[in-house]
Amino acid sequence: MASIGKREIKMINGTVLLMKKTPLDLGSSQVLAPHETYEVLGHKVILQLVSSVYGDQGKSLKGKLGNPSQLRDEIKTGSESKFCVTFEWDHEVLGAPGAFIIKNLNTSEFYLKSLTLEASDPTQDTSQFVCNSWVYPAEKYKSDRIFFVNQAWLPSETPAALRVYREEELLTLRGNGTGKLQEWDRVYDYDCYNDLGDPGNGPLYARPVLGGSVEYPYPRRGRTGRPPSKADPNSENRLPQIASFAIYVPRDEKFSPLKMTDVLGNAQKAIAQVFAPQLASLGNLSLNEFNSFEDVLKVYEPGTPVFLKYPTPHVIREEKSAWMSDEEFGRETLAGLNPVCITGLKAMEVNRLFILNYHDIVMPYARKVNTSHSKIYASRTVLFLQKDGTLRPLAIELSLPHPDGDQLGSISKVFTPAENGVEGALWQIAKAFVAINDSGVHQLLSHWLRTHASVEPFVIAANRQLSVLHPVYKLLHPHFRDTMHINALARQAVLNAGGIVEKTVFPGPLSMELTSIAYRDWVFPDQALPAELVKRGVAVEDHSSKHGVRLLIEDYPYAVDGLEIWSAIKSWVQEYISLYYKSDDMLQKDTEIQAWWKELCEVGHGDKKDEPWWPKMQTRQELINSVTIIIWMASALHAAVNFGQYPYGGYAPNRPGMSRRLIPEPGTPEYEELKVNPVKGYLKTITPQFQTLIGISALEVLSTHTSDEIYLGQRDSAEWIKDKEALLAFERFGKKLAEIEENITKMNNDKKWRNRTGPVKMPYTLLYPTSEPGLTAKGIPNSISI
């Protein structure tokens, strides 16, 4: 304790936890040499506390600063280091600290996890500053790095001494909209999808700009500021593939070093498997064909060379051929990896007929696709709801554009169920063409467009307009983790011209154009699960039912579990929002919320800015509904359509992505082969071996939980907010999710619910909230993180 005259100045002791950059941190272009260390930080890191009570006498009225302090007494624990720090702090003059400024005078960055200040007397609590941010050398920044106390304040309730700091931090995060962004920048800004094509590589690699036009509307993505392509000034210059991980996203949006290690390990394994020179050692296989289903199984069976070892997909773990049954075909429309496309035939009063309709979305592309190496039909599949709750396909219509011109409509073939002979073979192939359409629609629309692409503008707008002190930012922030980075990597190496998606799904080079056309029909309020189910005609509004809707297919695992998760999220959001907004008037006067929503509607989803369905954000209920939808899209919806990709689609005959030929006509050699060897005819129709291995390698990476995953109902820090009521409400949310887990397990073990396991004996767990790391077919991460 020091003294000044007659007044004693107390010392505040604190603990700083940071993580030093490791050689595996590919989030940075600066890689530490093995001998580089921070041996003694000392004067190299300077901290100053900021008063939340008293401002200086200047015009800025910023909170007064305490004297600079330095770190000491390092304790190393693995990659983390804990330091002590002591601040001189005159409570009478400065009041309670509400923020701190940090300057890094080292030559390299470090990851600052937290600062904890001990209570200066028994009547006070400790002060927590949860930082979780990379701190670059001070010379890189145009302003000081500031971190705020772990409190939630609406803009109008923020202590006056912190308001200018709050506003300045948001200005820094918005940037000035110009120039190439560097890795140390923390700027969140918007751009169109103008980096998918590579026109400098020739016309075959040119792709339209998505977003900013009536022809190709699209959500916005994060701006990188790279210069335009020399071949096309409307397209952004692309990074070389080898530099994919250097693509700009705000530094704190990049994967953690631990996650980067996991993702790289999985990706390297996938690449090694696909390009292994010993590929032919699987047996009597060419590089273009699987000759039998037994040949396909060799990819997974014991004895397969380690370099080419794929885990056995869940869909064939218990039963090797049950995937071929009509019951499993119907079940996967309700409990597979794409359970969001089946619709009701509304003309039917008995509600027993349903349809999987891929006619209208595929037909405009069928003629173009069929002039390439890939072949496709537009399809409609009618399914009947049986008394035992299962869906049985009744008929499949496969259509092609009329050979004499689109003005003449289409020509169609109708296939009905058959088990034996050539009719049975044709029925299996007809189902394969439906699966091909379903795979493409799933990957491009259900998965990419409706989760990844649609959520990114919410991430950008929130960081630009909502302070880290804002309670809604604190609520939403964990649901945005890693999304900008995984989307940037997808643009760079998956969705790009000639990338994995174009190689493995039926639209090929037209894939991303198709997502833009589908975005025309995107409606934000319809992303709410109850509304979405009603819109598809698989549920009806029923206020006497538990969730306000009644399912027309009682045994619909995705919808049954989804409604429970939806309800839990909404209850949590409502309880949390009600802690901070006591009236609609408080929401209307919240400048940050209003700016966030305005920018989201007018810029982030700017091609939809004139739509009448946008919530006006004038009532607390509008905020609760909107935030619930955002969390649902980022967590449960993404989990439901992502983590089943390898479990179902890792066995390609069950979920082919492309076809090489149309259905053989009677009298042709292909038709005669189908009579003699229907399995070989099937395998010759669907994706060839090499593209199959590319596809399932990618699916394995996308379906694997990394070891640092944080799941719904969890946070990376127990001290994520100071408010005890909010923490108690979050605890109740976690307990509700645990109850849902128990109920899912009970239903999966109840033979009454046949669609929950099906002929393949694969329990439906894609909406089971928690999971272990790895390929588990369960777990709802907080965010779109892979």
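Just so you know, glycine gets a Cβ as well, placed from its N, Cα and C.
Feature annotation from TrEMBL assigns domain 'PLAT' to 18-149. TrEMBL lists 152-786 with the feature domain 'Lipoxygenase'. Annotated region 'Disordered' per TrEMBL: 216-237, in sequence order.
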Checklist line | Folded-back contacts onto the region 'Disordered' (216-237), same chain, C-beta under 8 angstroms, at least six residues removed | finding: 177-181, 187-195, 197-200, 206-210, 247-250, 253, 453-454, 456-457, 460, 484, 487-488, 491, 513, 515-516, 519-520, 603-608
Notebook entry, point to check: Mind checking how the region 'Disordered' (216-237) divides into helix, strand and coil residues in DSSP?
Noted result: 0 helix, 4 strand, 18 coil
Next item on the list: Would you mind giving the whole-number mean pLDDT across the domain 'PLAT' (18-149)?
Entry: 82
